[in-house]
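Here is what TrEMBL records for this protein:
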DOMAIN    68-116  domain 'Ribosomal protein/NADH dehydrogenase'
Amino acid sequence: AAPVLSDWETVKEYPRSRPIMSRRLMPLKKMSFAQMQDYLQVWKVELSPSIASIAVRVNHNPKCSGPRRFMKDYLPVLQYHNSHVDWKRSKTVDTVNPEIVATYNDGAEKTISCTESTKALEIYDKVASIFGKQPDSVSVAEQ
């Protein structure tokens, strides 16, 4: 039988209290806490340091449940792993299309429109591609 871990041991093992949320960013093998910190440090170094800020804009349209779900479930994961980026969220009442705007240090901007993406996981993969991360081999249709 598997040993029963107390809450404190579980928190020590994982840097986040909800490890299931960031499973797509984590390695498959189990690691100690120190190994996990080294892995996250390498993961941050591999990212593009030229991204200054990312702004997420969504509206209250009922059809925009995917971008809102992305803000609720996946944005905290990206914020945790990319603490060097300035993250901005805004919800608008007007009819602005939901979009994600990445601003680089040289002033250039890249806009991701969320109108054609209805699933939060698709939006997550698009934002992760800004950081140079490729989507997992598991397709969205299989999940």
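Just so it is clear, glycine is given a Cβ too, placed from its N, Cα and C backbone atoms.
Predicted automatically and left uncurated, TrEMBL annotations should be read as such.
DSSP places the residues of the domain 'Ribosomal protein/NADH dehydrogenase' (68-116) in helix, strand and coil in these numbers: 14 helix, 18 strand, 17 coil.
Over the domain 'Ribosomal protein/NADH dehydrogenase' (68-116) the predicted model carries a mean pLDDT of 81.
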